[in-house]
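Structure, as structure tokens:
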Amino acid sequence: MGRIFSGIQPTGGVHVGNYVGAIQNWVRMQDEMESFFCIVDYHAMTVPYDPSDFRRRVREAAAINLAAGLDPAKTTLFVQSHVPEHAELAWILGCVTPLGELQRMTQFKDKARQHAENVNAGLLNYPILMAADILIYKADTVPVGEDQVQHLELAREIARRFNGTFGPTFPEPQPRLTAGARIMALTDPESKMSKSVPGSYVALTDPPDEIRRRLRRAVTDTGPTTGEMSPGVRNLFTLLEVFDAQGDTFRALRRAYDEGTLRYVELKDAVAEHMIEQLRPIRERYEELVAHPDRLRTILAEGADRARRVARTTMEEVYERTGLRSRA
Ligand code: ATP
Ligand code: MG
């Protein structure tokens, strides 16, 4: 049986891009593979955040993932900083990671631009910590969105370098992508939907009227029509395909588009209604979970205990291979 690892940052509202690009895939896979799922709070510290609000965000991120189908009976759900061995392994892996590789990462360049006033070393080292998250569980499969494929390539490179230097220890993890692996921002369909860009997303917890309002504002065509489908319209069709379970509306509107009779407002409203329908049970389960904080606390505590046992076993092997730790 293989092992999967995936994570999400507590940086803002978990959105439909996270859901169709990563969470949904992972929910399907937890039946077949041993699964670890992590709220990556160390990662979220790489951008400015409010410490007084951070614990609430972590709890909400855990709750929304549980509501979206993560089952604690099948998956080890935990908070990254509850297993500090992730940070310890990241240090060691950093010592086999070429600096140039980190500097060419697209996410680093994007986030450095977004937070030009605070380009810290954590932002640069983000992919090393991500490699540690995955490798500490010796996961071989990682359900992520397309934006993380480059980081996974680097994680494989780091695993190869570690294995080459210290002996075979880590498997090389592979991404698992979905059809909705790259959902674009509603307001700017040239860049991806992001938790940390307010207005770019529909959150899984948004009430129906909010979902309708956000879709009505989605950018469709900009500039002169080229004959090709514009990125905004393509994004709306991707969302419709994912959220229209039967596919009837998707096929009808796609035909209307081909025939030149589609009104974009119809497309937007169809996406909104199908989304509302599919997200309703998630929102209900979420509200139930946040109303019972004790239950959530127990799930996260048990998850951290299970994860830490595995992480410590890997670290013993790492100490042995790297020559660390003996006091003799
Ligand atoms: P942030 O803006 O803080 O980076 P984010 O929206 O990018 O937030 P992450 O927590 O960084 O979310 O990523 C969680 C998972 O969701 C990852 O597997 C990532 O690949 C996936 N993901 C993020 N954005 C999208 C998107 N627009 N479409 C599909 N998958 C996505
Ligand atoms: Mg991200």
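Glycine is no exception: its Cβ is also placed from the backbone N, Cα and C atoms.
TrEMBL annotations: computationally assigned, not manually curated.
Checked against TrEMBL, the range among 7-11, 147-151, 192-196 recorded as motif ''KMSKS' region' is 192-196. Listed binding-site residues: Thr11, Asn18. The one with the lowest count of other Cβ atoms within 10 Å of its Cβ is Thr11. Counting in whole angstrom, Gln9 (ATP binding site) lies 13 from Asp133 (L-tryptophan binding site) by their C-alpha atoms. Reduced to three states, the DSSP call for Lys195 (ATP binding site) is coil. If you take the C-beta of Ile183 (ATP binding site) and look for same-chain residues 6 or more apart in sequence within under 8 angstroms, you find His15, Val16, Gly17, Val20, Gly21, Gly145, Lys192, Met193, Asn235, Thr238, Leu239.
Whole-number maximum of the Cα to Cα distances across the ATP-binding residues Gln9, Pro10, Thr11, Gly17, Asn18, Gly145, Glu146, Asp147, Ile183, Lys192, Met193, Ser194, Lys195, Ser196: 19 angstrom.
In three-state terms derived from DSSP, Glu146 (ATP binding site) belongs to a helical segment.
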